[in-house]
Amino acid sequence: MRVLIKNGTVVNADGQAKQDLLIESGIVRQLGNNISPQLPYEEIDATGCYVFPGGVDVHTHFNIDVGIARSCDDFFTGTRAAACGGTTTIIDHMGFGPNGCRLRHQLEVYRGYAAHKAVIDYSFHGVIQHINHAILDEIPMMVEEGLSSFKLYLTYQYKLNDDEVLQALRRLHESGALTTVHPENDAAIASKRAEFIAAGLTAPRYHALSRPLECEAEAIARMINLAQIAGNAPLYIVHLSNGLGLDYLRLARANHQPVWVETCPQYLLLDERSYDTEDGMKFILSPPLRNVREQDKLWCGISDGAIDVVATDHCTFSMAQRLQISKGDFSRCPNGLPGVENRMQLLFSSGVMTGRITPERFVELTSAMPARLFGLWPQKGLLAPGSDGDVVIIDPRQSQQIQHRHLHDNADYSPWEGFTCQGAIVRTLSRGETIFCDGTFTGKAGRGRFLRRKPFVPPVL
């Protein structure tokens, strides 16, 4: 199968050019002008449009069971939504398994979830929920099998203490893996939450007040120091929501420490006032939404290069689940927001079209740097001969208002309802196959492939 994309502006992280793009058998074969492929081929006219590498979302939670509820997106509905939003690869954060389970247990469970369902290519981050000799011995074998990143938690049921974190950092570093971490100070959060509950203060606003930015920033600073103690182990901070944490990361990077950080559209575009609305419970996520001042600090990091990746932390629970389980108490509400379908459009509209970032920086944040950090480059995140034919075409002339009824996940609401975006996803191709076109999903369940990722190699800081 041959596909020729003509008359568009092809953009990579290192530059852009008005040129044509030829995909053959799922692989990019040629870029240039006046390409004359062998017949037969499909021709796509991208006049006036940007032709970007397909998005790489390295933070999703499909099929996750958090004990009190299971997310309403599985690997079909979740990856369908991703495809319709221009994302062609996801790396899913596996949820916790049974107490005492091995790393391989969760990998087998999640491969079972995704097989025959995923629409786009996918991989997983391992999750380390406890430390013992068997787990430490298992890590190198998992890296050899293509899992080159693992997540630690400093909060929730399977939080690790400092000694366990150090053991994990050392072994992951030795094994060629990248440590990712959810950084929040669990003890401080528990104390604040208990105070509010004892006082009968259980409205959504108290979720944010029980998890102040200092809880997140302290944990970020602690992880940076522990990574240094562990032999300058590489570290990736997920879902950054505040400027103080970013300051600590800037300092670490100035000291040549290998640290990277992601943020999410919700921390750039939503703020804590959402908790005071009638539907405040729909915005319960951790870390919580912050104030507009923190948004501005994150946008500075997006613009000046201090933030490396924009992912989603897509974790969907319906409003029915939230209301039934929480009964008006923030501490009982399952955490997470949908957003895998909106990431690319929101960042393009609020970043590129406002002049905050260039189209090249857009590629770096949404596909190139995620692919490089997580062992997928240059197969993903790049449009060059030999790379996968993963493409998203965005028309900057079109304006769209986000409406839940037009989205493709399995949620019953969207936190982005009513947002007007300048720029529309008009087509998504995965390995040369059109899986979304002009508002219609055209992919098939099970066509996505499991990606064995390469060991971690740090990009140049």
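For all residues, glycine too, the Cβ spot is worked out from N, Cα and C.
The annotation divalent metal cation 1 binding site is assigned in Swiss-Prot to HIS59, HIS61, LYS151, ASP313 on the grounds of sequence analysis. Secondary structure at ASP313 (divalent metal cation 1 binding site), as computed by DSSP, is coil. Cβ environment of ASP313 (divalent metal cation 1 binding site): HIS59, THR60, HIS61, VAL238, HIS239, CYS264, GLN266, LEU285, GLY336, LEU337, GLY339 lie under 8 Å away, each six or more residues apart in the same chain.
The feature divalent metal cation 2 binding site is assigned by Swiss-Prot to LYS151, HIS182, HIS239. LYS151 (divalent metal cation 1 binding site) falls within a strand when secondary structure is assigned with DSSP. Around the Cβ of LYS151 (divalent metal cation 1 binding site), the number of neighbouring Cβ atoms within 10 Å comes to 21.
Look at Swiss-Prot and you will find TYR156, SER286, ASN335 tagged as substrate binding site, backed by sequence analysis. Other Cβ atoms within 10 Å of the Cβ of ASN335 (substrate binding site), summed over all protein chains shown, number 19.
According to Swiss-Prot, the N6-carboxylysine annotation covers LYS151.
Cβ crowding, taken as the number of other Cβ atoms within 10 Å, peaks at HIS59 among the binding-site residues HIS59, HIS61, HIS182. Taking the Cα atom of each, HIS182 (divalent metal cation 2 binding site) and TYR156 (substrate binding site) are about 10 angstrom apart. The divalent metal cation 2 site is defined by LYS151, HIS182, HIS239, and by the 8 Å test on Cβ atoms against their centroid, the other residues of the chain that qualify are HIS59, HIS93, TYR153, THR180, VAL181, PRO183, ILE237, VAL238, ASP313. Secondary structure at HIS182 (divalent metal cation 2 binding site), taken from DSSP and collapsed to helix, strand or coil, is strand. Counting only the Cα atoms, the space from SER286 (substrate binding site) to LYS151 (divalent metal cation 1 binding site) is about 16 angstrom. Counting only residues at least six positions away in the same chain, the Cβ atoms of HIS182, ASP186 sit under 8 Å from the Cβ of TYR156 (substrate binding site). According to DSSP, SER286 (substrate binding site) is assigned to coil rather than to any helix or strand.
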